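Engineer: First, the structure itself, so that you have it in front of you.
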Amino acid sequence: DFSKAMSQAGTSQFQEVIRQELEYSMKVELDKILATAPSNELEHAKKDLEGFKKLFHRFLQEKGPSVDWGKIQRPPEDSIQPYEKIKARGLPDNIASVLNKLVVVKLNGGLGTSMGCKGPKSLIGVRNENTFLDLTVQQIEHLNKSYNTDVPLVLMNSFNTDDDTKKILQKYSHSRVKIYTFNQSRYPRINKETLLPIAKDVSYSGENTECWYPPGHGDIYASFYNSGLLDNLIGEGKEYIFVSNIDNLGATVDLYILNHLMNPPNGKRCEFVMEVTNKTRADVKGGTLTQYENKLRLVEIAQVPKPHVDEFKSVSKFKIFNTNNLWIALSAIKRLQEKNAIDMEIIVNPKTLDGGLNVIQLETAVGAAIKSFENSLGINVPRSRFLPVKTTSDLLLVMSNLYSLNAGSLTMSEKREFPTVPLVKLGSSFTKVQDYLRRFESIPDMLELDHLTVSGDVTFGKNVSLKGTVIIIANHGDRIDIPAGALLENKIVSGNLRILDH
């Protein structure tokens with residue numbers, strides 16, 4: 001046992017030496033990069049690289065999955081409240097004064113690349129020519145007009161989306177919404193083999209675009225604080241932010257949740273509220289809220305030890321998942337940021353660049369900080385508050401007659417007999433938005449649809465109706481044109497179907 005202990009001590013000493021060497025090499029490389037910064041960018045680049053250095057240090061310290069599976073418990077009953085209970089309290093007469101304490105923050109760092117678009121995802125048209133950003137501005141403007149309030153919109157951009165977003169913002173200069181932006185950090189991608197940055201200088205245009213990345217939305221706390229905007233908003237009397245992904249069309253300001261935050265029934269305010277919703281079989285990957293060391297904690301699939309992944313995905317044990325709609329106290333962010341006390345697990349995201357080089361990027365997620373805040377709460381909200389548009393299959397749902405649009409908000413049509421959305425799977429011919437749009441002359445009637453699968457070279461004519469389960473498969477080399485006015489109910493269509501114009 002003694003020799004085993006000695007060899008273990010030797011191993012950990014050896015690992016410590018390697019760790020120190022890696023950290024030193026990283027510091028040398030980062031100093032070289034910083035030396036290339038022009039004087040007007042120096043301060044900014046310094047802050048970014050300092051933040052990255054901290055993250056890299058933690059990455060070298062942590063080993064293996066970041067949760068001990070044995071410590072995971074179900075959250076206590078009262079730590080996740082049903083939305084109905086919160087809504088049942090009703091609204092006070094002075095809801096406007098409560099609204100005036102709110103800031104809406106949208107995470108706007110993502111590009112539309114997964115849907116074949118260049119530029120910010122928030123500028124993709126989703127409904128009647130309106131983009132994600134248009135709908136967001138309309139929602140807040142409607143709120144401000146209805147209650148005579150001044151709820152501002154804050155966009156967290158990344159270096160990928162900042163320029164394009166700022167150009168578009170000019171068009172809202174006359175709307176009744178103050179719009180602010182700040183940028184999340186810009187961190188260097190690391191070569192997977194050497195664990196050193198692939199960037200040689202601070203520039204991020206041309207060939208260098210692939211050298212840098214925005215480090216996930218967990219970066220919001222430091223960037224918001226560093227931008228000075230956090231202090232300005234606190235100075236204006238703002239108390240809470242409502243944070244959500246810009247592509248979640250269900251994430252509108254909810255007055256009942258806001259009232260619960262500002263006027264808690266037990267008199268003790270929450271610093272952090274996470275909206276969760278019930279899992280369906282389509283949501284196996286979403287993070288879930290658990291009780292861990294007497295704190296509410298978000299556990300993501302990447303943190304789960306391999307043998308427990310299936311258990312984590314099960315709908316019976318972990319019934320809810322995080323929608324990433326979060327309500328957070330501004331004063332708490334300031335306090336924790338100043339104490340350097342916001343603790344988020346590191347997500348190691350491997351990528352392969354166009355030239356074939358394997359890199360990793362170190363990221364964090366905004367919801368993971370829940371365990372650092374006092375008096376956190378989960379609220380189990382209706383599924384309608386989670387309506388993300390990640391693919392053209394999602395886009396088809398929100399463009400269809402399943403939803404109606406009112407003041408920037410989408411609501412499920414009352415004509416739909418059951419409240420769940422159909423399962424839609426469009427094949428690879430539909431992945432890019434422009435291809436998808438070319439294949440539909442008009443969006444089909446989907447009010448009575450349960451399930452749609454489309455694969456291969458398929459086009460839809462005008463005024464098609466889809467009901468029940470519809471599967472359309474054009475084999476390789478075949479093409480299927482669904483004729484205008486067709487009604488497909490519980491049908492499988494395969495083979496070759498060309499409609500010729502006579």
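Glycine too: its Cβ is placed from the backbone N, Cα and C atoms.
TrEMBL feature annotations, pasted as is:
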- Lys121, Gln184, Gly216, Asp247, Lys390: UTP binding site (BINDING)
- His217: substrate binding site (BINDING)
Engineer: Looking only at C-alpha atoms, tell me how far His217 (substrate binding site) is from Gln184 (UTP binding site), rounded to the nearest Å.
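Structural biologist: Checking the Cα atoms of His217 (substrate binding site) and Gln184 (UTP binding site) gives a distance of 8 Å.
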Engineer: Can you check which residue among the binding-site residues His217, Lys390 has the largest number of Cβ atoms within 10 Å of its own?
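Structural biologist: Result of the Cβ crowding comparison: His217.
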Engineer: Return the count of C-beta atoms lying within 10 angstroms of the C-beta of Gln184 (UTP binding site), excluding that atom itself.
Structural biologist: 27
Engineer: Between all pairs in Lys121, Gln184, Gly216, Asp247, Lys390 (listed as UTP binders), what's the biggest Cα distance, rounded to the nearest Å?
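Structural biologist: Spelled out: the longest distance between any two Cα atoms in Lys121, Gln184, Gly216, Asp247, Lys390 is 21 Å.
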Engineer: Run through the Cβ atoms and count how many others sit within 10 Å of the one on Lys121 (UTP binding site).
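Structural biologist: By my count, 24.
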